[in-house]
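Reviewing the structure listed below.
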Amino acid sequence: MGDVKKSHDEAEDSLYTEDGTVDIYKKPAIKKKTGNWKACRFILGNECCERLAYYGMSTNLVNYLQTRFHQGNATAATNVSTWSGTCYITPLLGAFLADSYMGRYWTIASFSTIYVIGMSLLTFSAIAPGLKPSCGANGCYPTSGQTTACFIALYLIALGTGGIKPCVSSFGADQFDENDDFERKKKSSFFNWFYFSINIGSLIASSVLVWIQMNVGWGWGFGVPTVAMVIAITFFFIGSKWYRLQLPGGSPLTRICQVIVAASRKARLQVPDNKSLLYETADVESNIKGSRKLGHTNELKCLDKAAIETESDHTNWPNSWRLCTVTQVEELKSIIHLLPVWATMIAFATVYSQMSTMFVLQGNKMDQHIGQHFTIPSASLSLFDTLSVIFWAPVYDRMIVPFARKFTGHEQGFTQLQRIGIGLVISIISMIVAGILEVVRLDIIRKNNYYDLETVPLSIFWQVPQYFLIGAAEVFTNIGQMEFFYGEAPDAMRSLCSALQLTTNALGNYVSTLLVLIVTKVTTSHGRIGWIADNLNKGHLDYFYWLLTVLSLLNFLVYLWIAKRYKYKKVTTNTH
């Protein structure tokens, strides 16, 4: 009888997930009815449509600002870079809300609604009388109100994407129980399909949607991405009853601040030589939800003062603003150790941002014809970056890794930092190739006095190599970054580190904006035309590419120095 009861209890336990997830009704998630691929198909559909909407709107944005809002090359490029940067800063807000209060599901749902409102307003600003700038034979003449409406729409989109970017991939991974061997194996497969979904959305956006914008009209060009975003949010909500939700486990930013405050309060105390005297919970598990205990390290000893126990700490027990555990201190140390690597990723993001600005402006001045009757918009060439990613991702996994493994002996072929470094080298080569093409283009102009020609008789398809190289660099550096920040992050800070990794894209765009402003100011002094002139035929865009090449090379040398000294996190065994 006892055996029957025992087996019944085990059967009851196996009904539910073992990782603490709940369903949409906040009841323990039943394994057979929730999660797995039946939930992920809605998340993958959502991501494909959302990326289609984002890239469909952003890929050609520089041309929209030029034609409809009468902005020059430098101004349009600066505005796009600043906006793109903001799209990668807002994930910090999204990650904070998801980890601390709302959970990933409600963060994605809330911010997707803001996203749809922003996309709708942008579409109306392109078609609605009063919001749409009036255009004549000599161009368009927007009012300050029309410009304001456009930028309000853009920054609503930037806010909306901030709640989606840091959450949706992790939310998909939540659908597989980490404590179930069978489900855990499916998790890596999900990330492959997730990345595939992103690039399918991007491929459609950079080809079909850009062509619609340049040949049919901006109303349709923005209307289709808006509909795609509505489909995305619909997909997401339809799958609600199948989702597994991870409950928010507290703010990592609060824990970081607690360590800093506690260490500051005890700044005059001496850290004991016997580190076992530092405070840690007696339990097997850490007192931080979702985190294993971390062993003490000898770096950044000043932070250890936060874990020194004093008599006054026990008067208001427990108070994490006065006394922190060793694990909490080591969390902050882990983040600090990631920061030098994080900083060297900004130069790569600066190079990557050129695809949506300088590459497009360069392509505008080249022959865009395919045959006699069809022209390809310069922004559509970013599809070669997407095709490059789709090509290189499986080639890396199936061919490069097994080949490299023979020489390195490393299970993954390269370490994560080696993988990132290879991508940085490829990004430098892409800038050199772009610079050489611009030298050739300007040479044709000088020899034939083509200064006032709208397009130079040089095929835009000569830009394909620079886009293809950026795509290859992306497979090495961006995916390497994702793996590195996920693997090296403390258990309970993975959302924060995901958002932190995304901020390199923001800072890369801001650095690009700053460089354009500085270069324009310096090179246009004393009445000169400048490197990035409104008529690029009279400018020197090649000099700007050489500047980026030199800065990227210097950054790579710094990266080598940092990577050589980096110590990978020691994986602690689960003590269950």
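Any Cβ shown, glycine's included, is placed from N, Cα and C.
TrEMBL labels come from automatic prediction, so no person has curated them.
Within the same chain, residues 24, 50, 53, 57, 94, 97-98, 131, 149-150, 152-164, 167-168, 171, 219, 222-223, 225-226, 229-230, 232-233, 236-237, 240, 243, 245 sit at least 6 positions outside the transmembrane segment (105-124) and bring their C-beta atoms closer than 8 Å to a C-beta of that stretch. Here TrEMBL flags 105-124 (among others) as transmembrane segment.
Taken from TrEMBL, the feature transmembrane segment covers 193-212 (among others). Here the transmembrane segment (193-212) has Cβ contacts under 8 Å with residues 40, 43-45, 47-56, 59-60, 169, 172, 220-221, 224-225, 376-377, 379-383, 385-387, 389-390, 393, 479 of the same chain, all six or more residues outside its ends.
Positions annotated as transmembrane segment by TrEMBL: 218-238 (among others).
Per TrEMBL, the feature transmembrane segment maps to 335-354 (among others).
What TrEMBL lists as transmembrane segment is 374-396 (among others).
Within the same chain, residues 341, 344-345, 347-348, 351-352, 354, 358-359, 362, 458, 462-463, 465-466, 469-470, 472-481, 483-484, 541-542, 545-546, 548-549, 552-553, 555-556, 559-560, 563, 566 sit at least 6 positions outside the transmembrane segment (417-440) and bring their C-beta atoms closer than 8 Å to a C-beta of that stretch. Marked as transmembrane segment by TrEMBL: 417-440 (among others).
According to TrEMBL, the feature transmembrane segment maps to 500-523 (among others). Cβ atoms under 8 Å from those of the transmembrane segment (500-523) belong to residues 74, 77-78, 81-82, 84-89, 91-92, 165-166, 335, 338, 342, 345-354, 357, 481-482, 485, 530-532, 540, 544, 547-548 of the same chain, restricted to positions at least 6 beyond its ends.
Feature annotation from TrEMBL assigns transmembrane segment to 543-562 (among others). Residues of the same chain lying 6 or more positions beyond the ends of the transmembrane segment (543-562) and with a Cβ under 8 Å from any Cβ of it are 340-341, 344, 346-348, 350-351, 354, 358, 420-421, 424-425, 427-428, 431-432, 434-435, 438, 515, 519, 531-532.
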